[in-house]
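S.K.: Once you've had a glance at the structure underneath, I'll fire off some questions.
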Amino acid sequence: MNNNVITRFAPSPTGFLHIGSARTALFNYLFARHHNGKFLLRIEDTDKERSTKEAVEAIFSGLKWLGLDWNGEVIFQSKRNNLYKEAALKLLQNGKAYYCFTRQEEIERQRQQALENKQHFIFNSEWRDKDPSIYPTDIKPVIRLKTPREGSITIHDTLQGEVVIENSHIDDMVLLRADGTATYMLAVVVDDHDMGITHIIRGNDHLTNAARQLAIYQAFGYAVPSMTHIPLIHGADGAKLSKRHGALGIEAYKDMGYLPESLCNYLLRLGWSHGDDEIISMTQAIDWFNLDSLGKSPAKLDFAKMNSLNSHYLRMLDNDSLTSKIVEILEQNYNKLLQKLAYREEFGGNTERSTAAYIDIREDASTGLTYKLPLAVELPKKFKVSEQEIGYIKQAMPSLLVRSETLLELTRLAQIYLVDSPIIYSQDSKEIIENCDKNLIKQIIENLSELEQFDKESVQNKFKEIAAANDLKLNDIMKPVRALITGMTASPSVFEIAEILGKENILKRLKII
């Protein structure tokens, strides 16, 4: 074990914590922990226009939810510009950089000319070797790196092998802008050196940047960290991952009902392997992780595998833990809706306006759990799942798990057991209820009312009797009954639901018709 290993995760806070970025963070975390080293976090927020506090918080919360705890204080590049400026001036003094006074308009003119001539554009500044005595005083210069004209740069990548790039293909990149702020290239190199980074593990979309950064390393005389550029994640169709494939933020996967343990396991296997092992705990991942087992081909995002893994991790949780998670989601989302519905009171009891507000809120539901509160009821100040309902959910858990791969699916089914809240009817179940034989439902209510024993066997036998008496198949009468009791067209066994909820609750739901 090498406890001198220091890795870093360095996202730009311009959006959510992307699933590909989360995998990069995971690999850096595991490599550092495997070697008893340090995993550092750096926020690359030099782009003031695009960086947001919300994105920073999304990065923090996403990493914490995944269990990827970092060492030490978070480094913010926006607070380190003086360090970058000093570094640029040092290169200037050592003849490794120069002031460039070429206006941006002239650079763009040259770029356009090269494009028209179908030539690769590399800007060659006329100021590279000019004497400071002729520097203009009316133009604020940038500081550019004096990249060697001859020779080449070799990236020694642990995964990609040796990548050689001719120096003639590398421009004299800007290190310090005219306003005194550092560019990304300078800041990254200075930070990695200052933070003592020993290993850089990142996506291979940074491979081109690596050559330019190596030129800066050489100019400073810094030791170059070990570099590993991993293939990007692709969609199931092999195309570059995009939103249509599921390139969502980690927060979205959390809201979709994935467990952090299962998502980490899935991301780990997305480009890394340990024999035929599919289920890998975080402890095992730390013990086993190495760079030699990384794949060279792009991994494909596969929701079927993700769901299968998540289903496994759901079943590893005990009943109390699962129920607690379900109750938390139910209460959070019910209370979100109550907050939105609360403003309805401003309409002074105007039913038409109230109805309109209610419809808007239904369409605005963003959690995947849509709730329905009749306009006639008085809104509670706060929703809370009762102890009785918690007991129902715990009792039903085995049958709920069989039909669920995510916490969200579990929670949707668990709503069946909220006896103090109105049933939510799917569109299909509404159609079944509207078209069912109302007299048959009344007959079912009468027969179930007479039952003294209300266990699932007794309830099932009673339904068989009713079906036979009406010359119907059991399934024919269970469709409307299921719709009325659950609001769904597919659910756990109605007979089991009946036993758990009891006669009073079942009759109450059947009588809605």
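From the backbone N, Cα and C atoms, a Cβ is placed for every residue, glycine too.
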S.K.: Pick from 11-21, 77-87, 198-208, 429-439: which stretch is listed in Swiss-Prot under motif ''HIGH' region'?
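M.R.: So the range that Swiss-Prot calls motif ''HIGH' region' is 11-21.
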S.K.: So which range, 115-119, 190-194, 240-244, 455-459, gets flagged motif ''KMSKS' region' in Swiss-Prot?
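M.R.: Here Swiss-Prot associates motif ''KMSKS' region' with the stretch 240-244.
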S.K.: Near the motif ''HIGH' region' (11-21), which same-chain residues lie under 8 Å Cβ to Cβ, leaving out any that are not at least 6 residues past its ends?
M.R.: 43-45, 47, 50-53, 55-56, 58-59, 62-63, 203, 232-233, 241, 246-253, 267, 301
